[in-house]
2 protein chains.
Amino acid sequence: MSAATLEAVLGYCFQNKSLLELALTHRSHSARNNERLEFLGDSVLGTSVSSLLFHRFAKLNEGDLSRVRANLVKQAALADIAQRLGLSEHLRLGEGELKSGGFRRPSILADTLEAILGAIYLDGGFEKAQAVIHQLYEPIVKSIDPQTIGKDAKTLLQEFLQAHKLALPTYTVVATHGAAHSQQFEVACDIAELDIQVQAAGASRRAAEQTAARQALEKAMAAKPAGGARKAVKRARKAAQLTLPVAVAQDAR
Amino acid sequence: MSAATLEAVLGYCFQNKSLLELALTHRSHSARNNERLEFLGDSVLGTSVSSLLFHRFAKLNEGDLSRVRANLVKQAALADIAQRLGLSEHLRLGEGELKSGGFRRPSILADTLEAILGAIYLDGGFEKAQAVIHQLYEPIVKSIDPQTIGKDAKTLLQEFLQAHKLALPTYTVVATHGAAHSQQFEVACDIAELDIQVQAAGASRRAAEQTAARQALEKAMAAKPAGGARKAVKRARKAAQLTLPVAVAQDAR
């Protein structure tokens, strides 16, 4: 694919084409690579997304804004956008990375996207970079629920139960298996008032609790599908769909 | 002091004066406060400083750029700039904060400065905010050594010795005193080839090692003041002066 195709997908035409080439050059390819552009692009991306969120969610406090932003600019979200743009076809990788499938690696895709944004900033200024970023993110921002995105399952379950004026769940370690270096934890999550008990396993107590909370949340939503807390249910459902980062971009299509 | 004074010091005149007032309003003063503006300003500051460093230090890699930036936008550095601007005279604090000296608190000063930068961005756009930030930071950026700023004493000592082709220092815990909750560590730092041994104490092994490294670095610099590694000596000396964040701004005056 040609650079022109990529420019068309980005909605930006470079004055200095060598900047785009540099942005696409991974450190495995040459010493002159995209790492400094990535440093710049990471910042520009942060500011543009901050501005987008600031204006769109006028009532969100700074803690929630930070949580939402962190979720939108994390590696998985960026790699997802990079994939949509077909970035992997344009990467300039060293031989080793080419052979080991570097063009699919989320870190390389995310870093390259940031470098491209840094290159647009250098080439056309902040407003141009911001316009590209807003165009990439507007559909994503429309599809998210700022109250839930980036919250873990335990937090979501707690908020769901509070919205229904129910007591908080209890978590109990019911068993541990295996030797010290490869232990498995089994955790039960109880919601007494809804008569829900689920068990889940994980490599740490925390991981097992999160899995159990996710399953308990699904059951709780089924048991309390509507009523006064309809909004909370909708939110929790939307958040559950968004557990896989790829869902963010798919929603946005 | 009037808002006009502050605008003059900042070199920016607000179209919407209420944005400046909001930026000066701490959460202890009212529910409508500067926290959302701070979220925005923190990003704008990061991008502007990134851009400044990117252009000024064309040969610095992204890791070093990140280290330098982290040092220039950390709370102590921001509080220092806020002090230079006389921000404490303009803060709108609640009664409790007023009585407890909130106008001197580094966190409040730093957050308010970020909020003001966010307000300028909203009021005048990115270029205007960037111009204000560049004006604040250009003297600081001129006074720092990008190779050393933000590096700890152990790293600086190691780099100094390597520049002189000397073996690395050894650190030894020579004693611990006190009960578990208030232990004191005594650490010796040896540079065999220079016949230097210093001892220092600290509340953790790490803290004691850093203090010992700082003292050993001073002695090493006195023992090896010139010669082939003149540049490294100069750097280490400059870095030692910059240990206190206040020195950054003082150098810049």
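Every residue number used here counts from 1 along the chain in the order it is shown.
Using N, Cα and C of the backbone, Cβ positions are placed for all residues, glycine too.
Database features, via TrEMBL:
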type	residues	note
DOMAIN	B:3-125	domain 'RNase III'
BINDING	B:GLU38, B:ASP111, B:GLU114	Mg(2+) binding site
ACT_SITE	B:ASP42	active site
ACT_SITE	B:GLU114	active site
DOMAIN	B:152-222	domain 'DRBM'
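Sorting the domain 'RNase III' (B:3-125) by DSSP state (H, G, I as helix; E, B as strand; all else coil) yields 89 helix, 2 strand, 32 coil.
B:ASP111 (Mg(2+) binding site) sits 8 Å from B:ASP42 (active site), taking the C-alpha atoms as the reference points. Taking Cβ-Cβ distances under 8 Å and a sequence gap of 6 or more within the same chain, the neighbours of B:ASP42 (active site) are B:VAL73, B:GLU114, B:GLY118. Taking the mean position of the Cβ atoms of B:GLU38, B:ASP111, B:GLU114 as the Mg(2+) site, the remaining residues of that chain whose Cβ falls within 8 Å of it are B:ASN34, B:GLU35, B:LEU37, B:PHE39, B:GLY41, B:ASP42, B:ALA110, B:THR112, B:LEU113, B:ALA115, B:GLY118. A C-beta separation below 8 Å, combined with a sequence spacing of at least six in one chain, links B:GLU38 (Mg(2+) binding site) to B:ASP111, B:THR112, B:GLU114, B:ALA115, B:GLY118.
With DSSP states grouped into helix (H, G, I), strand (E, B) and coil, the domain 'DRBM' (B:152-222) comes out at 35 helix, 23 strand, 13 coil.
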